[in-house]
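Notes follow the structure.
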Amino acid sequence: MDTSKKDTTRSPSHSNSSSPSSSSLSSSSSKEKKRPKRLSSQNVNYDLKRRKIITSEGIERSFKNEHSNLAVEDNIPEEEPKELLEKDSKGNIIKLNEPSTISEDSKVSVTGLPLNKGPSEKIKRESLWNYRKNLGGQSNNSEMTLVPSKRFTQVPKNFQDLNRNDLKTFLTENMTEESNIRSTIGWNGDIINRTRDREPESDRDNKKLSNIRTKIILSTNATYDSKSKLFGQNSIKSTSNASEKIFRDKNNSTIDFENEDFCSACNQSGSFLCCDTCPKSFHFLCLDPPIDPNNLPKGDWHCNECKFKIFINNSMATLKKIESNFIKQNNNVKIFAKLLFNIDSHNPKQFQLPNYIKETFPAVKTGSRGQYSDENDKIPLTDRQLFNTSYGQSITKLDSYNPDTHIDSNSGKFLICYKCNQTRLGSWSHPENSRLIMTCDYCQTPWHLDCVPRASFKNLGSKWKCPLHSPTKVYKKIHHCQEDNSVNYKVWKKQRLINKKNQLYYEPLQKIGYQNNGNIQIIPTTSHTDYDFNQDFKITQIDENSIKYDFFDKIYKSKMVQKRKLFQFQESLIDKLVSNGSQNGNSEDNMVKDIASLIYFQVSNNDKSSNNKSASKSNNLRKLWDLKELTNVVVPNELDSIQFNDFSSDEIKHLLYLKKIIESKPKEELLKFLNIENPENQSE
């Protein structure tokens, strides 16, 4: 039995422990005190890989190094602390005393590493970092977030009780009350409170809504707005194309997502209140009612749409039931009951015109942020456009701020831009406010680079003409011009055709200020449309038929006016003859004959018995003149007293010729020729 004990005590590990390296260490201390022998070695760890054995030589070397360092430090004289700024008697700064450099022995309390060294390779390894895993249990780095360890996140249980006595919120509890100024009728006002009152307390405690989280998956074909954002920033187009998927988490684990960096109501940037359920963000003043940024709601905040989805639990039956109850309870506003019900279930949105109104005019368009813009608005150039060579410029960041270029060398005054009437000099603290300014090589008018239209952009290495000048020399073609001018005009026109191909020139047929008599030549426009209705309420060009109808309508009205005047003239003439006949005592038959002679057209029944081709035209109108009418106008009372004698054949021929001549002329010219006043003028 004794031999077995000896064998167990003399194990290989024990024999190794009494190696020469360890014996030298024990021999130095054996003179002072002898080491007692061990009777058993059952609870001793003999794994030498975890031990650090220090020899006697190593102890002596480390001891000498420590004493040598102390001796050197003792010999260094201590310097007196100096002030940071040394000043003379007048108060001027003479010297700046920089603080002493940090010693290599100083360490960071958090990492335990010196300040002059970077992190070690062990810290750089991602395998040693703490990650939060996703739902599937996978450890993809793209879907993980760094989470501190539990020893740093532990909070004492009585932490709130310790600091609760120091709070002073009880002083303002009686002063602050919830405002009812912006309260509106809706599903979240009366319906929710009434339904909660009807629920028993046991069901209310057991009812737990599952956390609804949102995951955004960006499509690969998302387009980015390069004009509004640069260098990979989030844009509205990229996030609007993202497909949202709402799902329920069975394990109650959270999935982090990034909220939008623009307001969902007005599409503008600024400070937001982010929804904890969906990625939407809102300005504090864009919400209905607005929220005070100093008194934000505690806990998780949800937008109106998410609140409504959580309340109805994504059930259409619940939605219809609540909507019907709301309509029954609000009979006084039955017409707008559905509208009032849907007001609180939608997020506030800035008013925008419909697309068919926005796209009516070709020069008007909607900006990147939904604002109004037309051809008069100048789009500012971005940094990528300014500092690249796409527009023939070679600008660098070093040229972005140079105060000398903003001052006129001759007068010493600031150069003021012709377009914006500003200098935009910038400052040393804010050089980004500076804008490059240049002067015209012909009129010395200053222009900012971003104020110049793109059609007149300056190219380095050549003289530049500002937009105030005409682009080319135009020769006016005059009819009565010399040969050299006409040749110059032809040469200029030929050069223009050579320089710019496929360019059409339209020469007007009439000059400016030409007075025409209403004879306007209109080129008909043919439209190849297969449908008659107007799509999207677009404004079309003026149709050719509308001009024709207006022209015919004006002619018809003018003809009616002429007929009305002629009728009034004849009516006044007949009235005058009737009055003269009644004064002279003529019978009614004579008066009828006198009046019949004044009719301009008379039905001729002479051709009824004729057998020629014109026999069918029995009721032809023929212009007749009666000299009795003229004599009655000239001498109204002497017509009956005239005695008619027999005339010879020659006199009758002359009278017939005279009658033909008189009948060939109209009445107005004949009365004017005979110097007889018009009866119409006499009536007036």
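Residue positions begin at 1 at the first shown residue.
Every residue, even glycine, has its Cβ placed from backbone N, Cα and C.
Noted from Swiss-Prot: of SER68, SER127, SER462, SER558, the annotation phosphoserine belongs to SER68.
Looking at the stretches 260-309, 560-609, the one that Swiss-Prot records under the feature zinc finger is 260-309. Residue counts for the zinc finger (260-309) by DSSP state, with H, G and I taken as helix and E and B as strand, are 6 helix, 4 strand, 40 coil.
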